């Protein structure tokens, strides 16, 4: 396979070079290429003109993954995503996919390191599987030294390649034993169990890991796991989804979010008081979106503000002020838990950095209040989120079915966090684009030019946020290193810069066109016209220079 693959890549490079020459000769002068300030379209055909040198020398460019999505189930205890995808296989993806095997990175992690080295990245964000380290969830029930050794080898391999590890402690894969015992984050017992697990990780790995992430996307588990039932553990009100094994979509999301915040703050306090000597930093990851008014009415503008408060402020206000946003307290009422004075002090400032994941932008317009019997955390904001505005227009090019991306939203989100939340240190911990999945060959998966447009355009606006708005961003991680299991989508989509053959996961992971682009971007001045072309139409045939 490898011999044929190399021939194919060489052929694609030569073909790409011919296409690039034709584009230049037929439509424009080289200095007249689309600027990143345009919403659509974009072109990113020359990394000798836009590359990592446009960022500070200490800026970390990396890639990201998570344990359940790449490791496989070998050698660990069960987690809630095992339980969820086997209890509700149709919710694991249209292909009934799950993470039982996926990339089998537990055994093939050296191949992951090889791809990172080939790309030239300087950072790798990955997660520990809680149940691989503590198979029964609690430290008192036994430590899996094989799991410790696995992560230790991975960390050592990264450092040997001059790649900085960013470790996420919890990326949604709670040990099933804790969910069975007390419903996980619904119970405050989780705070002590999470602290014990984190304590072990700091103890065993803190000499080498200097960037710790407590919880990935604080918004996701409460909403998708406990309001909609679309994610593990699959709880919601019966009127939302009769398949949910229990739940209350009007109260449980707020309890889970509350306990997540307290668990996060408790672990940060542990690190600062007991492990400060290790010299590391710690913080949470937020899933972000940008929100635009559906139309020019006051109602839509107010709905947009409420959407930001419920989506971002739900977690950022406690982390900065020790309390929930006023509008949440007003609209949710006594369904929203309260922090006591000790908890508020624990929460305020409980981060050294923020990880921000950004993918898409949505429109918001006013939504009527729900009747008492149909209350849910998903509609309490009285804001309806859509992908098209009042004129039926999307905010940008297609992202996935029913959603669109808006690169300027990257700039908007970064500036929002700077001005509203005290100019924090930020790492963009996820940003990526999905293409069609399924059992397709490398020769088909290779042509992911839409991903190049996506990554380049977002990096353009990230650069603007740093240089023009002075946002304190120090790193950017592409999602993802390679194709993997995608939560709720199975293997029907591919996010990877590198190709994974799920019928032969031990095969080498070859770079797609986007991987070659990122590699070139990180090599500073390599002319890259041989592999790049814009997949988006030119606007009136006009091109401008990148600025």
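From the backbone N, Cα and C atoms, a Cβ is placed for every residue, glycine too.
The beta-D-glucoside site in Swiss-Prot is built from 69, 216, 217, 359, 430, 479, 486, 487, 495 plus one of 171, 264, namely 171. What Swiss-Prot records as N-linked glycosylation site, among 162, 504, is residue 504. In this structure, the C-alpha atom of residue 384 (N-linked glycosylation site) lies 32 angstrom from that of residue 340 (N-linked glycosylation site). When the record's beta-D-glucoside-binding residues 69, 171, 216, 217, 359, 430, 479, 486, 487, 495 are compared pairwise by CA position, the greatest distance found is 18 Å. For the recorded site, residue 456 (disulfide bond), the DSSP three-state label reads helix. Of all the recorded positions in the list 340, 359, 479, 487, the shortest Cα-Cα distance to residue 460 (disulfide bond) is found for 359. Of 236, 244, 340, 430, all annotated as recorded positions, the residue with the shortest Cα distance to residue 479 (beta-D-glucoside binding site) is 430.
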